[in-house]
Amino acid sequence: MSSSSSKKQTLFISTLIISWYSSNIGVLLLNKFLLSNYGFKFPIFLTMCHMSACAILSYISIVFLKLVPLQSLKSRSQFLKVSTLSIVFCASVVGGNISLRYLPVSFNQAVGATTPFFTALFAYLMTLKREAWVTYGALVPVVAGVVIASGGEPGFHWFGFIMCISATAARAFKSVLQGILLSSEGEKLNSMNLMLYMSPIAVVALLPVTLVMEPDVISVTLTLAKQHQYMWILLLVNSVMAYSANLLNFLVTKHTSALTLQVLGNAKGAVAVVISILIFQNPVTVMGIGGYSITVLGVVAYGETKRRFR
């Protein structure tokens, strides 16, 4: 009986991981397809679609399906903290989506792999939390790899690169800020409840920005929808995928260890790179692949030294 239940558990976790990979990589590739290949040049509106889906589906998942218990915001101070996190989160997603207009997915992922560097930097600057010197040493190849990959990237674009590095820094800043702002036991929210409160705030924040920065979004989207009959379906699938990536990330975190999650996260970037190169046929160089490989090895070494020298 125990053998049967362990097989079921293994199958369940394997299905979770495959679904998590599919939704994460799927949303990334669809973003690239819409923003670069489809003529849908509205990264802020696209982010607003994602956040709208996250707001609606989070509400359904928590209030009706009761996937996790509903945690309520207890004070105005907690609401302001969640709002701050939401704005930073928004900035990171918008920056990432803008960068996809100008950069290949493979290079976007290489730059995104430097998140641990920014996390360590912000953790030190904001909390004076120090790691062992050997842990900081492991971050050298993380940064060096991206420098090498940048030099060997045929599709390098300065604005896209700045947006991508800003998005990566904002993502790291959000994780450190979340640890500081929601550190007390009474204010801690699990990632599902945090998404439930962050996403409507993000929609409200993004709406005026969309209207100012992308004023012709509605007319162009309607024109594209007439030319491409699957336009609305693509937008809908893309937005639902953005939510499912967050949901599955929560479930994988819940059902596996932190180390497993770290290993899977590192491998996910590499899988996304390979699939994107096969689909979009963007040229890659030995220097680019070498740089990305050095970054990934640096990230693995950083995770390992952080665990050992805790």
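Glycine is treated like the rest: Cβ placed from N, Cα and C.
Predicted automatically and left uncurated, TrEMBL annotations should be read as such.
As written in TrEMBL, here are the features:
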TRANSMEM  12-30  transmembrane segment
DOMAIN    13-302  domain 'Sugar phosphate transporter'
TRANSMEM  42-67  transmembrane segment
TRANSMEM  79-100  transmembrane segment
TRANSMEM  106-126  transmembrane segment
TRANSMEM  133-150  transmembrane segment
TRANSMEM  156-173  transmembrane segment
TRANSMEM  194-212  transmembrane segment
TRANSMEM  232-252  transmembrane segment
TRANSMEM  259-280  transmembrane segment
TRANSMEM  286-303  transmembrane segment
Given the transmembrane segment (232-252), its same-chain partners at Cβ distance under 8 Å and 6+ residues beyond its ends are 16-17, 19-20, 23-24, 26-27, 30-31, 33-34, 38, 46, 49-50, 52-54, 57-58, 61, 67-68, 190-192, 195, 225, 261, 264
Quick tally over 12-30, 79-100, 156-173, 259-280 of CB pairs under 8 Å to the transmembrane segment (106-126) gives the top stretch as 156-173
